[in-house]
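Colleague: For reference, the structure I am asking about is given below.
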Amino acid sequence: MVMLRKGEWVWVDSVIGAPIGARIKVTPSGQRFLVDDEGKEQEASLRVMHPTSVEGVDDMIKLGDMNEAGLLRNLLIRHKQGIIYTYTGSVLVAVNPYQDFPIYSADQVRLYHSRKLGELPPHIFAIAESCYFNMTRHLRNQCCIISGESGAGKTESTKLILQYLAAVSGQQSEQRIEQQILESNPILEAFGNAKTIRNDNSSRFGKYLEIFFNKDGVIEAARVEQYLLEKSRVCHQALEERNYHMFYCMLVGITAEEKKTLRLGDAKEYNFLTKGNCIVCEGRDDAKDYIRIRSAMKILTFSEKQCQEILKLLAAILHLGNVCFEVFCVCSVQVEKSSLERSLTHRSFMTNRERVTKPLSSEQASDCRDALVKAIYNKLFIWIVEKINSVIYKKLSNSPKSSYLSIGLLDIFGFENFNTNSFEQLCINFANEKLQQFFVGHIFKLEQEEYLKEDIVWNNINFSDNQNILDLLAGKSCNLLALIDEESHFPKGSDSTLLNKMNQQHSRDKSYIASRSQYDTNFGIQHFAGVVYYDSTGFLEKNRDAISSDIIKMVEMSKNKLLRQTFETELSTNGGQFRQSLDSLMKALSACQPFFIRCFKPNNDKQSEVFDRELCMRQLRYSGMMDTIRIRNLGYPIRHTFEEFLKRYRVLLKTTICNPKTVSHDAVLLMIIPDSVYCRFHKISVIFVELKMLLLQKSWKQKREAVILLQAYTRGLLARKTAQRMRNDVRNDERFIFNQQNKPLISFVTVEQRRNMPEPADETSAETPGPEIPPPMSTTPIPSLEEDDDEFDEDDDQFSFYKFSELNFQGNATHTHVTQRLRQPLLPHDDEGDTLACLTLSWIILRFMGDIPEPKSLDTTSQASSTISHHLPNKQGRRLSNLVGLDQVNALIVHLFLFCVCLICHGSYWFCLSFVFLFPCRDEIYCQICKQLVKNKNRKSRMQGWTLLSICLGIFPPTELFMKYLESFVRKGPSAYGAYCTERLRRIIANGERKELPCWIELQAAKSKEPIDVTVTLMDDRTISLQLESASTSAEVCQAVAEKTNLKDTHGFSLYISLYDKMWSLGSCGKHVLDAVSQCEQEMRRQGKHERDTPWSLSLRKELFTPWHDCSEDPISTDLIYRQVIKGIKSADYTSEKVRLCTETEHNGGAAPQDKSSMFVSMQAPFNNGKQSRESVKGELVDSARKEWPLHFSKFYEVTMTSGPPLPKSRFFVAVNWSGIFFMDGREKRLLELPYIEMQESLCLFVPTDDPMFLVCKRGDLLLVEKDEEYSPEETWIKATNQRTSSSGAVYKDTVQFLPTLTRPTEDMLVEFPLHLILFSSLLFGASKGVGREKLWSSSREPLKQPLMKTLVGNSDLSNLACNLLPILKYMGDYPIKHSRSPVELTDQIFGPATQHEALQDEIYCQIMRQMTSNNNRLSMERGWQLMWLCSGLFPPSQNLMRHTQRFLESRPREPLASVCLQRLLKKPRKLPPHLVEVDAIQQNSTMIFHKVHFPNDTSDIFEVASTTTIKELCYSIASHLKLNSADGYSLYLKTPNKVGLDDIYFPKIPVFTPLVLILFCFPGNQANVPYLVIFKRKLWFNVTPGKDQVADLTFHFPQEMPKYLRGNHNCTKEDMITLGGLLFRSKVDSDRSQFVMIPRMLSELVPADKIKIMSPEDWKKHIISSYNKQSGITLQEAKIAFLRTISSWPTFGCAFFEVKQSCEPSYPSTVMIAISKQGVSLINPTNKELLVMHKFSRILEFSSKGNFFQMTVGTLMKSSFVCETTQVSNRLSQCILFYKSVWPYFESSDYEMKHFLTKSFPFFSGLRNGGPP
């Protein structure tokens, strides 16, 4: 007999046919009783429940109770926890929650992308990702089979997978195919879904959607297959059910004119829509859905004519359903009235000799009418599917399907068993039998693979599938479906004859249940899910699905083209057609790797928190999940990995040796389980039969109880011994005596005292608040928090901490404050050490915040601090169990607790935060702190908690799982901490986690919430004051110092930190500055000193030179480097052999020089001649230091060599600098030097020198390098042979250019042509027939017959364009022009194709340089330079050609345009050819253009603009000229006569680096004579504060905002209007009171237009004069600024307003106002100015405009659309949203690269690099 204890769970029998869970409870009298899951008392037989069934698991394969009851209870537990997804191996079970969960956002898509199945909690996105990953990785087609009852959520699951695949594919795709596939859903749902009793959006057809991907995983096409549409619904609906959605959407969505044309009324007027007595469906908006359907049809290219024809057929169906055959549908079907009437009321048929016509009864006529209606709708639905396929499958229609990969989504009806089952149910259940066989075969195959992987022989497993049922239905001869088809072809065949034949053929089949008598019309089939009885009545008619030949003829005579098209194809019987489609489907599925999603509905009433056990049990059986259990139970159902098994049952071993990496698996098996027949212990896992597992658990529990008893006594003994030893130690050590007057005392917690401590909190029971103990604090005051409680559990917040706790917390843990220790961590942890550490962390946080009392004792404090210091971890990212081993965890926890007590009581945060680096469960830290802050009534405790939270936010960010929730939590924090913590979180996300613990000054700053003041010392002994915070990096510090000192050449400058005589570089990168400070403080602690006394300091030094360093570019940089060099020489930090030699000589010859710098300068002699400026001397000294001491200006790396040249050691330092790479042993000894010159080839080009000691050469001579044994890379010269004179000698390396070429140029080339072109042509030029290569790059008057570039020869289109560049010759005058052509026409022909085809750009450069080579015509050369100037400003040459182009320009220094072209080469490429203004300017030898820019206050100014001046440069130039505080937020606009408004020429589609000339002259349509105005005005209104920048207020803000106010765009009070009226009047008349009489005439300039009539003109005059008098004494400018200050407090200040018309949202007025600002897009009622809704930019998924229509899609994955019509060009509205939406990610992005890109791309961000908004 098993004795059960209180609280244990067991299984008890129930009435539903499967056991349910129950818990043992005990009355006060000691009597035991059972309470089941429903809270009812039970008295029944019972058996013990496995622990996995108590709390539930996310993968039901892990259940110990692998049976129906175990699966059912697991789903119940997770349903109560709000978890809707559960795995069963690779099968996903989805329980419909009947409510919305925020788990389908774009963040969730990113979270599950590239993650394997099982890495994250179960989710439908995980299945979608597995399909996508397996397809792209293994190049195999995938399919996902989604099944379930109506209302279980199949359709939504299909859409979610589809949206996930579209989102993942859309990251790489530029096509619209994803949107087209998504938009097919609304159309198919409208025509194929309907409201039923069980589901408001029930799919009444099966659907297989196959999505095709290319090799890169991008969606290319898709195809839809539909199965068995429920046609009968068109004519008949059950009670409380509706017809298909489209009918209702049409009647409320079409216009009045369309209704009149189609003769339609309301839904209640039509029989086909009222048979279910249900017209309206709650939760659906038919009018809004109709707009969405029509929008989707446009996207899928349904023409307007096709849409109208569809509406006509739908209207015809409704008219046909109405009374007495009064034919109102003739106009819709477009047939003759008499023809329709005859075809519906008569039936004609052929006799032996003639056709006979027979009239039909009213009932027969009604059936004939219904058959026609069903046929029309069915064929219309098929036509719509084919139309969709023609669009989404268009790209693959002419391509082989095998060249693409695919993922198929099967959304098909589940198993059905109603009170009355007919032919449709037989077909549906037949499909489910096929799918069940496929499912079982797949599970069986997976099981085989698992056993094979474990080397397990399982021949004894014999599992039978449902093949006998499939044989009965469609397999063997005379099967049921064949009999139905056969009988359907007999004219005299009837349902009774069919039933008789089935009974005769299959009465002996065990799966078939024959009818009980000749009057019984029912027969039954033993399906896999149970017996289903079918009523044979109507079987043949439904299978034939035939319409009379008279109706066919009538359709053929119809004028409705769509109707005729739909009836063109004649289909077979329904059964035959369905079998054919099903066979095709199964064939497709068999070729794919399948995934299964089983959708369940928890109840039939659509209630969100009700779980109907009986209903769910039935669905379990119908879904085939029981077969999975049976297959498992036939083998070894219980499985553990080897590590899990050993970890749990090692207590049963008779040895202490249990390392899973070394112990023998077989040995462990034999010791724990001698009878190995019942288990297998192989490669990876241990698997058991269930009986042996129960015996093993029983043995384990017995030994566990014995171990707990021994541990209790042993720990008590050890604790007492430890306490006594610590007391003895502290008395002998005076270092640990504390001042009792200043510091609190702590007592050691003995075993007896621990018994009186409160037990860990069980949150299911009532909590008792503990005593309010003030937490120990340092003397630094902390600002007080609000007295009111902080509220963080708002249910309406999508990312509230409450919702996170509901979704992720374990057990019954809540999100609110507790005063007792946690019993288990808040979040799940796999590692046992992590779990123990989390529990200890809870204890620490509670004590730190003062939520549990502190015992006091003198001895313990000293002893604890001395004891635990030896146990602290010095490495990050390690688990607790890995650090000490599981056996030592409990002892370590005691020590950690003791040390925590002493440190907490002395105000130190160091220990608490060391947990951050002790284990990786950082979200647990944040969750425990946040939990203690919610509903915390203790103000001091809250202060401590917020302080601890702010420190954590400066050290490490949360994971993505908790990110949004923590952001929401801190934003709602008290005013003293909310903004402070939000900013710290933003900064740590942006700059990454810290690598060290917080430093002392950082902790002090966290208490006061003030930044850290530091100074950075420069080499000229200046100190720069800066402010740091926890996330500050060395790059930010270097940038801040550069800005304060006006240092421009910042490359190579790094931040250094010094401690005593040690100094090291922090670089100029993402390293955290305070991490280095923390390292310094740790060194002080190691020396036994206090952290606050650490003498660290920061300095800025030059660390690295560039090869192209130029001292003249930045005198400030040169001066700092110069002073660094001088200091280095004086301190002997910079030394070399020459300096030592000189120093020794001076000492030997006389007194040593007092100034080593003068010694250095004199040694370098010739430049210090007294005639040079001070700056030039500094520059030459710096340059000499760069050349002499490359090692002193290097980056050092410690490396271990694995392969390479033979060196004396493998571990050494590598120094990288501008001259080469050095392998160093220590600071001075060089192991190997690799100059960059060693990486060049051996041919070199000589630049002449006048030194007679070296080889005599002329410019252009070719030298061949001679390498011999004497050659040394350290030498500054080389030996070479002049190929022209054959003489040899030495040449300096810096006087030659090394060329990587393998062929020797000819002598003619060397004399006549530039060598850079020789080399380039030899590598990349092609060769024409009969023309030598040297002739291809010399000037010629003959047109080219083929391109110069080899890359163009094989491309016929580009080759033709390259050969058509005759205008180059014409422009230069080298080819006659028959007809007069303007220069701009020629430049368009030259550069136009190259701006569109990048491959032509090098060809243009080469042809221009070719025509300028060996050209003696002065005029031709002058025009060639003009072309080169234009070309260099349009686009740069490629990397291959760039250096050769630069050499070409450098070799012509006398040409005035050569140097200008060199500078222009580095500009960004343009998209259009030069404009007339540029061409005219260069032809007049001018490179500058002057342009007038207008401002909103009706002023203008002239600015100088080059052809390469970019928009960004001009914006900054204007801002600088006007002396604005910042250019951020301003933009350029273009105004033309043919447009009323302005075109923004500064938005994301046009990069800020686009040259202004290109925009100005190409925007109006590239017409030179179109007049225009360029206007500079504010675009973005971020943090505009009136009065801060007076120039901006008067020039931009006031003239831009005043018209908006007067148009009536703002919501303002009467008092505001009077005040503002007075200010506007003063801004117009200043102090001229004589203008009072003009006020009534000026009201339109003083009062909003829509408010003028609320008072009479005289009343307005009286109030405005009164306001004017109150404002006396202010100037005109002050009045304007006061106006701005008043309206700046309104939420609509700075908005861009657009008035639009809409009809998609019935609750909104027809005319709304769209206001766009930094907050988002707001919809405002223009009448009362009330806000209707505001959409943040993060929720706007997509938007588009066409003509006057604008569409915006809002939401996450579940989208909603807003469509409107504007009176303006809708493109302006799109541009405005595009700009804000493009720049807004800066403020929310944690991606440094994204911010860097935005900073570079938009001037607005230039001021944001050091933090938040400007």
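Quick reminder: no glycine exception, Cβ is built from N, Cα and C everywhere.
TrEMBL does not curate its annotations; it predicts them automatically.
According to TrEMBL, the protein has these features:
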- GLY148, GLU149, SER150, GLY151, ALA152, GLY153, LYS154, THR155: ATP binding site (BINDING)
- 55-701: domain 'Myosin motor' (DOMAIN)
- 817-1007: domain 'MyTH4' (DOMAIN)
- 1339-1483: domain 'MyTH4' (DOMAIN)
- 1489-1788: domain 'FERM' (DOMAIN)
- 582-604: region 'Actin-binding' (REGION)
- 753-791: region 'Disordered' (REGION)
- 892-919: transmembrane segment (TRANSMEM)
- 945-966: transmembrane segment (TRANSMEM)
Colleague: Non-local Cβ contacts of LYS154 (ATP binding site) (under 8 Å, 6 or more apart, same chain)?
Modeller: ILE146, SER147, GLY148, SER203, ASP411, ILE412, GLY414, CYS599
Colleague: For ATP, what surrounds GLY148, GLU149, SER150, GLY151, ALA152, GLY153, LYS154, THR155 with a Cβ no more than 8 Å from their Cβ centroid?
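Modeller: Neighbours found: ASN96, ASN199, SER202, GLY414, CYS599, LYS601.
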Colleague: Any residues 6+ beyond the ends of the region 'Actin-binding' (582-604) with a Cβ under 8 Å from its own?
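Modeller: Distant contacts of the region 'Actin-binding' (582-604): 75, 79, 90-96, 98, 124, 127, 130-131, 134, 138, 140-149, 151-154, 157, 198, 208, 210, 225, 227, 406, 408, 410, 414, 430-431, 434, 438-439, 442, 610-612, 615-616, 619-620, 623-625.
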Colleague: Using a Cβ cut-off of under 8 Å, list the residues of the same chain at least 6 residues beyond the transmembrane segment (945-966) that approach it.
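Modeller: Non-local partners: 107, 110-111, 782, 785, 799-801, 803-804, 808, 845, 848-849, 909, 912-913, 916, 922-923, 925-927, 929-930, 932-933, 936, 973-974, 976-977, 980-981, 984-985, 987-989, 992-994, 997-998, 1002-1003, 1006-1007, 1009, 1029-1031, 1790.
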Colleague: Residues with Cβ closer than 8 Å to the Cβ of GLY153 (ATP binding site), same chain and 6+ apart in sequence?
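Modeller: For GLY153 (ATP binding site), the qualifying residues are ALA94, ASN96, CYS599, LYS601.
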Colleague: List every residue in the same chain as ALA152 (ATP binding site), at least 6 positions away in sequence, whose Cβ is under 8 Å from its Cβ.
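Modeller: Set apart from ALA152 (ATP binding site) by at least 6 residues yet with Cβ under 8 Å, we have ALA94, ASN96, GLY414, CYS599, PHE600, LYS601, GLN619.
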Colleague: Sort out the sequence-distant neighbours of THR155 (ATP binding site) for me: same chain, 6+ apart, CB within less than 8 Å of its CB, listed by position.
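Modeller: When sequence neighbours closer than 6 are ignored, THR155 (ATP binding site) has GLU189, ASN193, ASN201, SER203, ASP411 within Cβ distance under 8 Å.
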Colleague: Counting Cβ atoms within 10 Å of each candidate's own Cβ, which of the binding-site residues GLY148, GLY151 comes out highest?
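Modeller: The largest 10 Å Cβ neighbour count belongs to GLY148.
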Colleague: CB neighbours of GLU149 (ATP binding site) within 10 A?
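Modeller: Its Cβ has 24 other Cβ atoms within 10 Å.
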Colleague: Tell me, what is the mean pLDDT of the domain 'Myosin motor' (55-701)?
Modeller: 79
Colleague: Near SER150 (ATP binding site), which residues of its own chain have a C-beta under 8 A away, given they sit six or more steps off in sequence?
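Modeller: For SER150 (ATP binding site), the qualifying residues are THR196, ARG198, ASN199, SER202, SER203, PHE413, GLY414.
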